[in-house]
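For reference, Swiss-Prot has these:
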REGION    1-399  region 'A, catalytic'
BINDING   Ala349, Tyr350, Gly351, Val352, Ala353, Gly354, Lys355, Ser356  ATP binding site
REGION    367-405  region 'Disordered'
REGION    500-698  region 'Required for interaction with CyaC'
REPEAT    1014-1031  repeat 'Hemolysin-type calcium-binding 1'
REPEAT    1032-1049  repeat 'Hemolysin-type calcium-binding 2'
REPEAT    1050-1067  repeat 'Hemolysin-type calcium-binding 3'
REPEAT    1155-1172  repeat 'Hemolysin-type calcium-binding 4'
REPEAT    1173-1190  repeat 'Hemolysin-type calcium-binding 5'
REPEAT    1297-1314  repeat 'Hemolysin-type calcium-binding 7'
REPEAT    1315-1332  repeat 'Hemolysin-type calcium-binding 8'
REPEAT    1411-1428  repeat 'Hemolysin-type calcium-binding 10'
REPEAT    1429-1446  repeat 'Hemolysin-type calcium-binding 11'
REPEAT    1468-1484  repeat 'Hemolysin-type calcium-binding 13'
REPEAT    1537-1554  repeat 'Hemolysin-type calcium-binding 14'
REPEAT    1573-1590  repeat 'Hemolysin-type calcium-binding 16'
Amino acid sequence: MQQSHQAGYANAADRESGIPAAVLDGIKAVAKEKNATLMFRLVNPHSTSLIAEGVATKGLGVHAKSSDWGLQAGYIPVNPNLSKLFGRAPEVIARADNDVNSSLAHGHTAVDLTLSKERLDYLRQAGLVTGMADGVVASNHAGYEQFEFRVKETSDGRYAVQYRRKGGDDFEAVKVIGNAAGIPLTADIDMFAIMPHLSNFRDSARSSVTSGDSVTDYLARTRRAASEATGGLDRERIDLLWKIARAGARSAVGTEARRQFRYDGDMNIGVITDFELEVRNALNRRAHAVGAQDVVQHGTEQNNPFPEADEKIFVVSATGESQMLTRGQLKEYIGQQRGEGYVFYENRAYGVAGKSLFDDGLGAAPGVPGGRSKSSPDVLETVPASPGLRRPSLGAVERQDSGYDSLDGVGSRSFSLGEVSDMAAVEAAELEMTRQVLHAGARQDDAEPGVSGASAHWGQRALQGAQAVAAAQRLVHAIALMTQFGRAGSTNTPQEAASLSAAVFGLGEASSAVAETVSGFFRGSSRWAGGFGVAGGAMALGGGIAAAVGAGMSLTDDAPAGQKAAAGAEIALQLTGGTVELASSIALALAAARGVTSGLQVAGASAGAAAGALAAALSPMEIYGLVQQSHYADQLDKLAQESSAYGYEGDALLAQLYRDKTAAEGAVAGVSAVLSTVGAAVSIAAAASVVGAPVAVVTSLLTGALNGILRGVQQPIIEKLANDYARKIDELGGPQAYFEKNLQARHEQLANSDGLRKMLADLQAGWNASSVIGVQTTEISKSALELAAITGNADNLKSADVFVDRFIQGERVAGQPVVLDVAAGGIDIASRKGERPALTFITPLAAPGEEQRRRTKTGKSEFTTFVEIVGKQDRWRIRDGAADTTIDLAKVVSQLVDANGVLKHSIKLEVIGGDGDDVVLANASRIHYDGGAGTNTVSYAALGRQDSITVSADGERFNVRKQLNNANVYREGVATQKTAYGKRTENVQYRHVELARVGQLVEVDTLEHVQHIIGGAGNDSITGNAHDNFLAGGAGDDRLDGGAGNDTLVGGEGHNTVVGGAGDDVFLQDLGVWSNQLDGGAGVDTVKYNVHQPSEERLERMGDTGIHADLQKGTVEKWPALNLFSVDHVKNIENLHGSSLNDSIAGDDRDNELWGDDGNDTIHGRGGDDILRGGLGLDTLYGEDGNDIFLQDDETVSDDIDGGAGLDTVDYSAMIHAGKIVAPHEYGFGIEADLSEGWVRKAARRGMDYYDSVRSVENVIGTSMKDVLIGDAQANTLMGQGGDDTVRGGDGDDLLFGGDGNDMLYGDAGNDTLYGGLGDDTLEGGAGNDWFGQTPAREHDVLRGGAGVDTVDYSQAGAHAGVATGRIGLGILADLGAGRVDKLGEAGSSAYDTVSGIENVVGTELADRITGDAQANVLRGAGGADVLAGGEGDDVLLGGDGDDQLSGDAGRDRLYGEAGDDWFFQDAANAGNLLDGGDGNDTVDFSGPGRGLDAGAKGVFLSLGKGFASLMDEPETSNVLRHIENAVGSVRDDVLIGDAGANVLNGLAGNDVLSGGAGDDVLLGDEGSDLLSGDAGNDDLFGGQGDDTYLFGAGYGHDTIYESGGGHDTIRINAGADQLWFARQGNDLEIRILGTDDALTVHDWYRDADHRVEAIHAANQAIDPAGIEKLVEAMAQYPDPGAAAAAPPAARVPDTLMQSLAVNWR
């Protein structure tokens, strides 16, 4: 959003203003709406994007400075060194620090700064950061010390900002000033001025002027004079009217005019008029609509006592046009606007020296364009004032006296309401105006002709007296008012009290006027009694009227009839008593004027007083109140019947208290009425007798005193009652426990209600849950609060609590379903794997935290109990177990507000999932959900059509931005219940949850490990991640993007844009009237229109034509017959499923899957290898190009199928299954298909004639029943599936499958492949080289090869072979000569195949034994350790994997060992064979009996190096050897020669010659006198039995002889005796040839004699073991000469060694 505010500017002035474009559009709209020109100061450019992003703005209460550098640019740092003041003097920083502390002490907060990714990008582009490496950002503040900043990503996708001075050690968080809700602040948009049009106030001001007033006369005269002088609405008249409107004292200008120009004072909004407040609020509402917070916080510079000046001002006219004006241009512009009827009033501070920016009030001053300075234009407008009026202080601003000097002769000085900064000063000004008018009237009276100076003086005294009387009357009326509101049973509200106060005040004014008139009438008389008597009568009438008004306020439309009657009687009685008293007073006054005696005066006064006393004593409203109080007690008794059943007795206790209270108050009222009545009667009687007037006075005083005493003790009496009942509560366990029973009872009452049980049972069924966990927040009852208030216990209770129950089918069951921690905000669901619980909130879940209460005296007889929630209030954490849980968050409190309804903070929900597949039903609250393991779903379906969500994927996390418009959210606040107990009032606060409409609300959810997201009814945007997501838009115009993964996307109702992204995606579309954009993206994607069945009503209205889809054109027309122009545009879609109606579907040149579903559909595959499925109905299917598959599943209709080009298949496998055909096994017949005739009969032999017409179709797949499938001359694939099928291939190379059942397969002509499948099958290959695919199951199959070379293949056996017998690892036993194949690994089993005419066999992956016959066989072992025997004939044997044994037997055979260590058994006399070992360590073996080596036969001559083997001296018997490593000879005299590899040569019996050749060989002579030569390499030589000879010489390497005794063995070394060095190495004898690296070791020579040879020959000399031992001893005396030493010259050999050599070598 950082860049979005730059888009949409209409001109350069708009962009220069720094106001975000979207906000500016709202400003222009408000200017038009209010018909006013709006002027603004330029906005800090670094705050522009923050305002657009939704950051809150500061009011006047924040004096700290913002920052213009670094990552904190645009914000207000708590550390002044990070602000724009960085580098300033220490005292400047200290003052700034004080400003920060002051802001934090007055409702603001210190917030850790976090930035969005877009904000970081903006800061880089703006050059405020110089780079980033490893999360550290360098930021230079020019000319000062460098700071380093670090950003760290937080869990909600933002970046926390930390800082340190360069080179410092630890980073710390950058803190900025935020509002009370914790939202960081940036600069607001300052209004410079507002110029409303005169029409905004002219008419209202004119209509509200009061007639008869000297000020009004002045207004009228000046208006007429201005009109006559100008003849129109020129500037002078506008200025004049504006001055009058600004003067606007309440005595002269009406309410509507004051609405435009009244002032208020507030530390955050400053001095602001109501009109300015309306404009400000309208601007902020517009800002909210585009996602911003309040953007304008306070009034204009016109009201600022310390205004600032700007080089430029941004102006928006009332027509919405905008421009940027310099100070010089502003003067001309304001003049033009004034001429058009727009009003501009100027700030007095502008006229102070050093602050003037204008010549003659509006002039030009130099400055830097666009800069903001410390003063701005100002000219003070004034109105007349009286001398000595105290003006509110303007600080250093000097006072100016200017303006008009007179107002009808009133005053000679001017004062300015523009200087007034609070309401108290306004009231003072109005009183001063009133006083001036009165004095003006007095002076005018003094000047009247015919009135003497003494009379004028008396009149002045009378006026003063009248004013004194009026003041006294106000006091009396106030007493009457308190009396009225103090009566028992009074139910007046504070609003009613305010209205009554106004009425009494007006009555006092009227009484004052009467008193003044009477006094004036008797002007010149010295008698005061008449005037004051009338005044007393007027006071009595005022009291009566006050009481009558109090009663009249209860006459509402919904008041009970009894209350209306009592009020009517009260009004009549009070007005009658007051009128009588006033009449007697007037009569008294007239009598006094005529000189009546003072006794008559007293009598009159007594009679009037008696009438008033009687009226006061008989109060119908008081009687009605006592009766109603008694009825209320009866109602409480009814409540108590139910609450007592659940353990709460408080309602019964409160009922009894009210009965006791009624009795006490009734007694007091009765005695009072008797006293008043007796006193009134005595007074009237005494007054009638005249002479008894003194008695009447005394009686009235006495009864009045007694009544006063009686009424005075009434309140203590009922307070004692309250204390008695408080003690009862203490005795019953104390107030805390007592009132908790009320919460428990209310919980039990709801939990056991039939309505709740039914609702929860329905929820359980709808959610497919095993149980429902109900969480209930219960508020205390109003009656319980009332009882607590009366007994003084309102601070000793909880007003709300949370309860949890588990329900199954609506019935409450035992067990603790969750662990609940209200104080910490924790809900842990105790669930196990396999369960499906559901969590729902029966009543809205209140905020977490604990309740603290305190009772405080807030008035004379008023107490208020305050409640505060403390502890963790901003989050509920819900933990799920291992079950598949549904969590319904629809009724959760989203916001916490204070007692004034001001938002404190939002409440976040944190949901931690477990191992199951969970579903979370979200609401307006901000949630963080971690789904954990399983497939998890979050649904926003509860959101309304006006709301929307935007879901973005961030790796494994989703961020969900919820835009809620006109949102209803549950919010918890503090409500107050007022209880009047006599004259005591108790205001009790309690926790209260309500569903509130909050207008616009934006919340961001974070979701992790969530796969499925469901949108709401609004216009949503949902983007998936790399997993396989299920995304549903719901109603509204949605945008879905699956991203990577195989996603399922549901657009729902509305005009949707759906993008699949990477992966194989599925689009589920409704057959609605909306047009959608569908883009499959990469992968193989499918769109389905068969999700919802249209209703009968829709079908009746819209017909049965479904869609016209063409993937090549990229369009899907819905309801085309109605021309609704409802078209989905599709691209990158490979597969399409139609609707349940009659569809027309065409694919494209890709491989499509096209389904018609129900209805009579027409489908064209076009190019590609397509899958076409008509579904139910009469369908026409065209495969066209490509190898197509037709899926048939409706046996009750006849379809038309044309395969077109390619190899096409019609598949009936899905047609017959449970539910498709009534009693499907009744006959057991499936289909009958004959491709040569072009038809397929469905439900064959059942008397039904449903045929599919098939053309250009090569392949058929049958049903699970008994099918007959016949091919044609083409190469067909025919698959029988289940049932006893008959399958005939016909001509061509066919592929036939029998499937399950006892099938008959006939290959007929051609090279066919036949698979019988399970069941006892008969397979006949017919002509051609056929292939029989078999499995070693328990069935008995018959295989007849027929003509040609045929093969039976058991390679698909897998691990099934041999399982039944327990001989795991054994495969088949096949003997083609015997015509039998045992399939369970042993001969004679019941599971065998009968084979005939079969030449070749392929074994299993296990250990098979396969024997050929006299024919030329191909036997393949496949996997396992197989034994293959070719028998007669020229055979081919292939061992395959495993260590196989191969024997070609007779014939010229080819044997291939392939992988594994294979063993070839070969007859040396059988020539012409090829033995190829393949991979592994392979051996050819001539040792076996019957190998052609009889008594007269010769041995084997074999050379692995040359690759042949034959009989000795008979090369014509040669066989070819390849890849053979080892050889085993015969029992004759053999010659075995190795190759360059590591060979094992075993001579067996006979006198053999073994030559290893190169490589590390192993030679085994075995029996006989053998000759062993290891040759090159390190060889091991085993002579075995017999007289063996070992050859060794130079170049032979390191050979080892292993002797085991027996025979006379000899070592022959090709070297001279003097070239040999003998040494003992452990038990071994080592013989080395000097000058070489060759050595011969005789293993275990020193162990015993059996391991020694009898002689060693070197050249012509020999040595025996004894001589060898002597040489070893002799040579041990000399250093080992090493490999490079040559034979020592005789001259150098010591004599002793020479003697030893000569003696031992002979």
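Placement of Cβ uses the backbone N, Cα and C atoms for every residue, glycine included.
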For the repeat 'Hemolysin-type calcium-binding 3' (1050-1067), distant same-chain residues with Cβ under 8 A (at least six beyond the ends): 1015, 1019, 1024, 1028, 1030-1044, 1074-1088, 1091, 1132-1133
Chain residues in Cβ proximity to the repeat 'Hemolysin-type calcium-binding 10' (1411-1428) (below 8 Å; excluding those fewer than six residues from its ends, i.e. six or more beyond): 1351, 1355, 1369, 1371, 1374-1377, 1399-1405, 1434-1447, 1449, 1451, 1460
Mean predicted confidence [pLDDT] for the repeat 'Hemolysin-type calcium-binding 13' (1468-1484): 91
Positions on the same chain near the repeat 'Hemolysin-type calcium-binding 1' (1014-1031), where near means CB under 8 A and six or more residues out: 937-953, 955-956, 958, 963, 1037-1050, 1052, 1054, 1061, 1063
Three-state composition of the repeat 'Hemolysin-type calcium-binding 5' (1173-1190), taking helix and strand from DSSP: 0 helix, 6 strand, 12 coil
Surrounding residues of the repeat 'Hemolysin-type calcium-binding 7' (1297-1314) on its own chain - C-beta under 8 Å, 6+ positions past either end: 1262, 1264, 1266, 1275, 1277-1291, 1320-1333, 1346, 1348
The repeat 'Hemolysin-type calcium-binding 14' (1537-1554), counted residue by residue under DSSP: helix, strand, coil: 0 helix, 6 strand, 12 coil
